[in-house]
Amino acid sequence: MTSITSQTGGLADPAATTARLTIDLSAIVENWRTMRALSGEASCGAAVKGNAYGTGMAEAAVALAKAGCRQFFVADANEGAALRKLLPDAEIFILSGAFDAAMPLLVENRLTPVLNSLDQIAAWTSAGNDRPAALHIDTGMNRLGITPAEAVEIAENRAVEPTLVMSHFACADSPDHPLNAIQIERFAEVRGHFPEARASLANSAGIHMGDAAGFDLTRPGIALYGGECRNDLPNPMRPVAKAEARILTNRVAKAGETVSYGATVTLGRDTRIAICGIGYADGFHRSSSGSGVPLRREVQQAGMGAIEGRTVPLLGRVTMDLLMFDVTDLPETLGVSGQWIELFGETIPLDDAARAAGTIGYELLTSLGRRYARRYI
């Protein structure tokens with residue numbers, strides 16, 4: 001593959017970086033096509049909120065639009081306004097809805113708010129807007145959305161005539177959870193009161209539930225960016241992001257010595273250490289630290305970095321700007337100053353790196369900091 005664009009992220013000189021992030025736009029597109037095929041008769045949109053889950057909304061959304069995606073979901077009106085500049089003809093839904101301070105952006109940029117409460121419905125209608133709006137119905141998440149009873153009342157008095165009615169699964173990543181069937185049933189019943197509106201329920205994991213959850217429009221998110229979306233299936237998505245750290249220097253520590261803050265690791269042998277220029281300021285969580293640090297679980301101790309496909313263990317606590325890896329078992333030509341260590345991507349799956357930190361791929365991707373030199377391929 002060849003690089004088609006780059007993003008400095010405000011770096012004065014990307015070549016001088018100690019952290020780099022490679023984003024495969026063709027993988028995002030292929031993942032969307034996979035989710036579109038699984039969506040059956042439903043249209044397939046894309047959630048690009050949170051800067052496209054940390055991968056870059058501008059680059060990801062444009063690539064998806066070129067592939068045929070027409071509906072996009074973002075968190076707030078500012079994200080929507082930025083996206084409108086890139087995609088003048090797309091249908092852009094604002095998940096945070098409508099409130100007074102957001103009205104100018106919503107109207108000026110032809111954004112479709114997802115109305116989440118009776119107050120938001122009143123604010124939108126009282127403003128005299130003739131723009132389309134969507135309606136969020138809570139079917140069991142107890143987060144955003146009006147109740148089914150409120151939705152029925154709105155349908156009867158025609159307080160708002162939504163272009164889309166939607167809800168959100170609470171447990172789609174666990175397909176056998178009884179709440180899934182309850183939510184599908186509740187949503188199907190309520191959407192019947194809005195025969196002119198499209199209906200959307202399925203997120204990435206929900207798409208795997210089949211036609212019963214598909215309705216008219218699906219809205220995949222994490223699956224587009226290579227993350228796991230179900231607990232019971234191998235991840236079928238192509239990896240999208242690869243994070244790497246530059247090796248700044250090497251040192252040899254003697255058996256019996258300790259590494260990093262807290263002296264949590266005592267070396268059992270003379271150890272060649274690679275010190276790398278990434279830390280928790282770059283979104284590589286402190287809870288990913290090596291032995292002796294809480295939340296180090298479910299992943300082998302030796303699986304936290306990779307050089308040319310060979311895994312190397314993380315040593316000691318992650319610090320603000322630095323990581324240490326044990327490269328003793330590599331050939332002397334590998335793991336040396338100036339080379340790069342993969343933190344996740346090709347050899348180490350995103351979700352393995354996230355589990356090592358006691359979190360999920362969503363959080364790891366979206367928390368990547370500003371110091372990465374980004375390359376899009």
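Yeah, the Cβs are placed from backbone N, Cα and C, and that goes for glycine too.
These features come from TrEMBL:
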{"type": "ACT_SITE", "residues": "K49", "note": "active site, proton acceptor"}
{"type": "ACT_SITE", "residues": "Y261", "note": "active site, proton acceptor"}
{"type": "BINDING", "residues": "R143, M320", "note": "substrate binding site"}
{"type": "DOMAIN", "residues": "240-377", "note": "domain 'Alanine racemase C-terminal'"}
{"type": "MOD_RES", "residues": "K49", "note": "N6-(pyridoxal phosphate)lysine"}
Across all protein chains shown, the recorded positions K49, R143 give the max Cβ-within-10 Å count at K49
Determine how many residues of the domain 'Alanine racemase C-terminal' (240-377) DSSP places in helix, in strand and in coil. 22 helix, 43 strand, 73 coil
According to DSSP, does R143 (substrate binding site) sit in a helix, a strand, or coil? coil
By Cβ count within 10 Å, point out the most packed of the recorded positions listed: Y261, M320. Y261
